[in-house]
Amino acid sequence: MEPANHLNQPEYGAIERAPVPRNMIENSMFEEEPDVVDLAKESPTNPIDSDDAVYEPRNSRLLVRGLGENDLDEDEEDYESSARLLGMSFMNRSSNQRSTSSPYTRQQPSGLCSMPSAKTLVVGVLILVLVASIAMVIYFLPGCTFTRNGCKKDNSTMDNIYPNSTSGEPFPWTDLRLPGGVHPVHYDISLHPNLTSMNFRGNISITVQVTEVTNKMVLHSSYMNIVKATFQGKEVKILEYKPWQQIAIKFPEDLQKGMYFLNIIYTANLSTSYDGFYNSSYVDTTGAKRVLATTQFEPLAARKAFPCFDEPAFKSTFLIKMIREPKYISLSNMPKAKTTDLKNGLLEDEFEKSVIMSTYLVAFVVAEFNSVSKNVSKTTVSVYAVPDKKDQIHYALDTAGKLLEFYNTFFDIDYPLLKLDLVAIPDFLAGAMENWGLITFRENMLLVGNDSSPIDKQLVTSVIAHELAHQWFGNLVTMKWWNDLWLNEGFATYMQYTSIETVFPDLDMDTEFLSIRFKALANDALNSSHPVSSIVKTPEQVEEMFDSVSYEKGASILLMLNSTLTEEEFRKGVIEYLQAHEFQNTKSEDLWNSLTNVSKQPFSVAQMMNTWTIQKGFPLVTVTRNGTQVTLTQEHFLLNAKNAPTHDSLWHIPLTYVNDSCSALSSCKQVFHLKDKTATLKLPDQVKWLKFNYRSDGFYIVHYDNEGWEALIEALRNDVKVLTHKDRASLINNVFALSRLGKVPFRQVFNLMEYIKNETETAPLTEALIQLGQIFRLLDKRSELHLVSRMKSYILVYFGTLMGNQSWQLESSVSKMTLRSALLEMACSLDIANCTQQAKHLYDLWTAPNSTYQIPSDLMRTVFKVAAQTEEGWGVILETYKYSISDPEKHKALEALASTQDVRKILWILHKSLDGSVIPTPEFPLVVNAICKNFAGYLYAWDFVKENWDKITQKFPVGSFAIQSLITSTTSQFSTKTHLMEAQNFFSSLGDKGSQMRIVQEAIETIKLNKRWIETNLETLQEWL
């Protein structure tokens, strides 16, 4: 799956295993039944502070009642020991009994009384001992009370550990994961969506195989009204536990191993939250509202469309039937087998039986779409869109055909289906979804008009390449559980860049890939990051895995591995992995083992790559030179290391380096494998300088001693071309990161930046602009007006000439367009007169009566943003947004509308994008991000998100990419103690609606780091600028 704005943005040593559930029960079927978890009732009791501990995913809290003495681990500190609890209760009870044991008050004797006889004493003591013994026995029997109710029956303990179903009966399963003794083999699914009443009726028959004797069957179901259920032809009662979206059937007798049949008839509403089987709508060019129904099942929403075993490892085949009105078409994963006229004004489409696949890959669409098709090898490739945009689907068709041929050859396994549909959905939250044979997209991620620029095509091509790669990595071979999501997303991200560099070299994906590697490093430098392969339990944690670590870091470590092996070794290992596990589920070790099997390297690929996937973060390599001896030291690069637990993290780092004698060619690269904390390297006498991490292919940051930095800076001042453009970009990225870490003073940053006046390449220039832009916005948001003015002057000194030299005419080079767009957008945002005047001139040409002038697509956002600062211009841009059928144009118009400094307009656009009345709700994260870039709106956006959190989480799942984007956009530029406390208090108050999200920990940590950086460098900035 491609996150909606993923392309526009943009854990060593052994990991601790999850503790065994405390009251593991082993029944006759040997099924594991962990303790009861009620996620909905958990809420934090203390304010969030990312410094308190390393962030770990929220663990389920257990309800333990009536368990035996061996059921609790004695070292588990979150529970009082049963002895202490019982002891305290008994003492309390004893004291209460003593105080009320007699209905009489003691009579004080009027005089002396005689001593009792010895016999009387002995009898009395015996009676007391007997009474006390009986009381103790009664008390310690489980569930016994001193009431007429007496002791509970033997099975009460079991009843207590099971949650209650909606009917009040105990639900027979106590884990978020399904039991493993029942597996689906085949689904027959018949659906009838009503696009007037926005509900649907379903009839599903599931063939299951029982592999372990059991007396229950548990599967997933969410928001469904089950009308009737039969098992082996006999009606059965369905129990439901809504917090875990599970249903179950309890059988009076054990099911023996074998094949069985379950049938369920149900009804449900079409979802309104962009997942499951949901209704979408759009307004066509005549002003008429059109509706359709489509699906988005990844990761956990197939259960909203049909009852199923909704986990990736429960692969099965599917036969789908769809009842529809004649004006619609229906699509599903497989080709249509037949259409039947039901004689009641409805048609039923039946699709061929699918290949074996996971539930999250099932898909269907009911809509009024147009399409174009062509044959590629043995596959019919088709692209679908709404009728108004039928002219924008041809580029996608041509691109998909070329990429499909590339993947067939590269993987040495032909795409296994007879058809491949690419469908543009008008109202779609994700960027795209890799459903097998039926890939769904946001419209702007698939459609390309006649006026679209090469940059627009770069985006569309990237998303298509990503989703097609999934047809092998994700669909043909699927991760066993969401903890290894990176096997899907990391590999698809890596292959999208690899494929495009080969098939579409003019799109300059190399620079784009470098940029996302820098992004991945920045995110992974936080203490709140997580390993590539993480422990995942709850639905929120599953949603959170769709992040930079799974996508960008996953792709980055694959690039590093590919550059360490030979190209042929890497490809052979990938092919062996796919062939060995096709139509199956895998773990990370399976990929590493396949690569190890074919590698001729003197090290184990599995051992090396485990150091990159099972511990979080990445290494900082420090290079210290003493004559011809170089000392290399590795440590965890952690921006907040002061507050993190100490871990002796070690990576197997394939260090690459070049020196002054040979530095720009691939043949110059040398490799040193750093496996220990420290190692030494011997150099020839004549070497003047070293540059490590050649072309930034490795996922690590390099720090040099003073002499090392000075030598590199001097070399760049003398000759920019002495290093590749990627190496120059990585030096800029690294020195800013090291400044944030406190390893180098900010003066060193300025020293390196001196060379930038002579820079002409896109990668280092855009990286410098990104880094300086982040500092500028931090100062701007703090109202450090004097420093903001100085920073503007500094940017003009170093970039002003380049900005002034940019053409405002049509450009064909993607690299030049990328640089031009970055430079001019920065210039106009700083209100540099020459830039704003040129932008207004292009806007005037565009809006002139009877004008046919088209603004160059890569300049459109800059021009629109300048125009949107006036009342008239904002109105024109709004009309453009409403009525344009060009998705790139609409997208840029929306960003421009959100860039306004007018508070009334800011609040209007926030409301309209959240309620979806004028702006589709999936665009809300984009709107918030655009508003937060400007001083006028960022606090309004933050307040709006806080005040409307309940509405937001009804539309976007907690932990989802949209929620992550909203939190990052609104908080990432805070740097004051006041904002830190405000964010902590707000997120702590969310309870189960988000307080435990990893992105919350990242947000708090980022604010603290911003605050620390400002406090450390404010004086330097004042002095240097």
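In case you wondered, yes, glycine gets a Cβ from its N, Cα and C as well.
Just so you know, TrEMBL annotations are computer predictions that nobody has curated.
Not measured: the values here are computed from a predicted model.
The feature region 'Disordered' is assigned by TrEMBL to 92-111.
If you look up TrEMBL, you'll see H466, H470, E489 marked as Zn(2+) binding site. Its own atom aside, the Cβ of H466 (Zn(2+) binding site) has 29 Cβ atoms within 10 angstroms in the protein chains shown.
The Cβ of E467 (active site, proton acceptor) has 29 other Cβ atoms within 10 Å, all protein chains considered. The active site, proton acceptor annotation in TrEMBL covers E467.
Annotation source TrEMBL lists site 'Transition state stabilizer' at Y551.
Shown in sequence order, M1, E2, E434, E467, A469, F473, G474, N488, F491, A492, T493, M495, Q496, Y551 are the same-chain residues outside H466, H470, E489 whose Cβ sits within 8 Å of the Cβ centre of the Zn(2+) site. Other C-beta atoms found within 10 angstroms of the C-beta of E489 (Zn(2+) binding site) number 29, with every protein chain shown included. Y551 (site 'Transition state stabilizer') has E489 nearby among the recorded positions E467, H470, E489, counting only those with a Cα within 10 angstroms of its own Cα. Between the alpha carbons (Cα) of E489 (Zn(2+) binding site) and E467 (active site, proton acceptor) lies a span of roughly 10 Å.
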